[in-house]
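Listed in Swiss-Prot for this protein:
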ACT_SITE  173  active site
BINDING   172, 176, 245  Zn(2+) binding site
TRANSMEM  8-28  transmembrane segment
TRANSMEM  46-66  transmembrane segment
TRANSMEM  74-94  transmembrane segment
TRANSMEM  183-203  transmembrane segment
TRANSMEM  220-240  transmembrane segment
């Protein structure tokens, strides 16, 4: 039985995090650079998704192979997967209620009208609930089959962008709903946890006395591999999330034009550059993965304006490749350059 304080699990977690940091700092940027431009957005999403699924399946196969496919092993595996899925499903169901309460979400008739217009433009086959929340410039999509689909826009965003730019931002969020990103990322987000707990369990089984020496060594090896693989899968899930943001940007561009999407993103980038305390607030939010801008530092500045020259300058701005690898969102400069390539 695993104790409440588990030094083995703690050691494995530290090892996995070190492994993830090394991969993120060395291998990931090179792979991303080599692949960039050679695959379409759809190709990159397909490849990343396949890598996530295959890596997870391979680790599960190794565990079953070494632990022997007995009824107890299969039962444990099914139970573990069911438990992790159930916990994530409960979070998925409860999160809209938590978000509404945490952010003080409130309906807004004018915003609802704009959301309805943009939704019709994008051919959305479902009803969307538009809400305003307090906070610095941001927007996010959330909801589920019980609560319905929400598009939230902060008061700071409403003060920052013009009508056309707001339509682009809303189009981006509706894109997340159209692409079913909440459900897809929930599914993929489960996999690193399953593989990690599988690895920790295998190590504990290997350290037990009930197996032969060779069997113990094999279980230990599979356990360590599984833990390391779970952190690798987490990096792949983050990469997949960044690709889904590009995908949502295409919806924003379709809704209001590439220029409106670029100007909205550039204004957001400029705002957070001018307000580092707001960047920190967003980066510490538990819901940052939902935001349109999440590489971020709480006061909205309604006087932020942007010119085409500034947009071009932001496109060439430097950004941290390491920070990008650990983020759910691509850097704004890369998103602006991506929008340039869209055939719209």
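From the backbone N, Cα and C atoms, a Cβ is placed for every residue, glycine too.
Features recorded in Swiss-Prot, as mapped to the structure shown.
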{"residue": "172", "record": "Zn(2+) binding site", "Cβ within 10 Å": "29"}
{"residue": "173", "record": "active site", "Cβ within 10 Å": "30"}
{"residue": "176", "record": "Zn(2+) binding site", "Cβ within 10 Å": "24"}
{"residue": "245", "record": "Zn(2+) binding site", "Cβ within 10 Å": "24"}
Practice task
Tally Cβ pairs under 8 Å between the transmembrane segment (220-240) and each listed stretch (8-28, 74-94, 183-203), then give the stretch with the top tally.
Solution key: 183-203
Completion exercise
Three-class DSSP assignment, residue 245 (Zn(2+) binding site), comes back as helix
Handout entry: Cα separation, residue 173 (active site) to residue 245 (Zn(2+) binding site) (Å, whole number)
Key = 10
